[in-house]
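Asks: One structure, pasted below without further comment.
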């Protein structure tokens, strides 16, 4: 819900967008996926995210940050960004060396994959909270509390040994603390300020209905398609009058190449009960004007159009044939 966060961002930065502060949280975080095939081979993937919007990538060949938007630099200077770039490079390299040189101490068993997420969350402009979460092969491994790494129960002795090793390096602990408590919040606010024109945009959804036969005879699977909307938060429900149909099933919200979103919401219903159903869509771009499509109305319009146009076309064809015949007889 990025567009809502600007309501309190303006207050934090001393702007004048609104006098009301919306109680919303927003986070910026970096994600890491490192695959270790053996002692000599590792592949790193890195990315940066503003809530659910990817803002940065990581080129593992050149060890450089990829800025995915014109505003992805926030308000940081080139020097600050270069320092962060060097820091990420040192982190990836140092982690790989540590794992390769101390396999027995860390109980390393190849192959394995490390997934990590580190960043900060801004709570309505009041305070920030830093976080680090890491998993190995999909199982929780460690988290961050009070300037220290804390092992997760699922991580076992491996997690305990890794955290004990990390926590002995006071300089690294202070650097991590500074990054998530100072650097990250400043960068987050800079992103929101630099990208507000793009992040605040509102794109109305297009909505249409369809159906497909169900495996069970006499039933239909009704689908409400909502496409091309931005921002991502949206509410879609099958309705009968003012009554929400609790059997409504929502699919995943999928991205389009242009940054907008697509959603499909379905309802399994007896064919004889389909009449009177409608799909209702609420989105910030619509303000208070919900989109409501009634099942069967579109079909009725098509049938009416078909019933009017087809006889008209046939009549025109018959008139042309009759005229042609009369002309031919006149020549004879």
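Glycine is no exception: its Cβ is also placed from the backbone N, Cα and C atoms.
Quick caveat, the model's predicted, so the values are computed rather than measured.
The following feature annotations were taken from Swiss-Prot:
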- 120-184: disulfide bond (DISULFID)
- 224-279: disulfide bond (DISULFID)
- 205-292: domain 'Ig-like' (DOMAIN)
- 25: N-linked glycosylation site (CARBOHYD)
- 38: N-linked glycosylation site (CARBOHYD)
- 75: N-linked glycosylation site (CARBOHYD)
- 146: N-linked glycosylation site (CARBOHYD)
- 1-17: signal peptide (SIGNAL)
- 322-332: topological domain 'Cytoplasmic' (TOPO_DOM)
- 301-321: transmembrane segment (TRANSMEM)
Asks: Based on Cβ atoms within 10 Å, give me the single least packed residue among the glycosylation sites 25, 38, 146.
Replies: 146
Asks: Using Cα coordinates, what distance in whole Å links residue 25 (N-linked glycosylation site) and residue 38 (N-linked glycosylation site)?
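Replies: For residue 25 (N-linked glycosylation site) versus residue 38 (N-linked glycosylation site), the Cα atoms are 40 Å apart.
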Asks: Going along the chain, which residues six or more apart from residue 75 (N-linked glycosylation site) have their CB under 8 A from its CB?
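Replies: In sequence order, 190, 193, 194 meet the Cβ cut-off.
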Asks: Sequence gap of 6 or more, C-beta under 8 Å: which same-chain residues meet both conditions with respect to residue 279 (disulfide bond)?
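Replies: Correct list: 207, 209, 224, 236, 237, 238, 239, 265, 292, 293, 295.
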Asks: Counting Cβ atoms within 10 Å across all protein chains shown, which of the disulfide-bonded residues 120, 184, 224 comes out on top?
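Replies: Compared across 120, 184, 224, the most Cβ atoms within 10 Å surround 224.
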Asks: For residue 146 (N-linked glycosylation site), what is the secondary structure state per DSSP, taken as helix, strand or coil?
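Replies: Note: residue 146 (N-linked glycosylation site) is coil by DSSP, not helix or strand.
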Asks: Count the residues of the domain 'Ig-like' (205-292) that DSSP assigns to helix (H, G, I), to strand (E, B) and to coil, and report the three numbers in that order.
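Replies: Counts, helix then strand then coil: 6 helix, 50 strand, 32 coil.
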Asks: Sort residue 184 (disulfide bond) into helix, strand or coil using the DSSP assignment.
Replies: helix
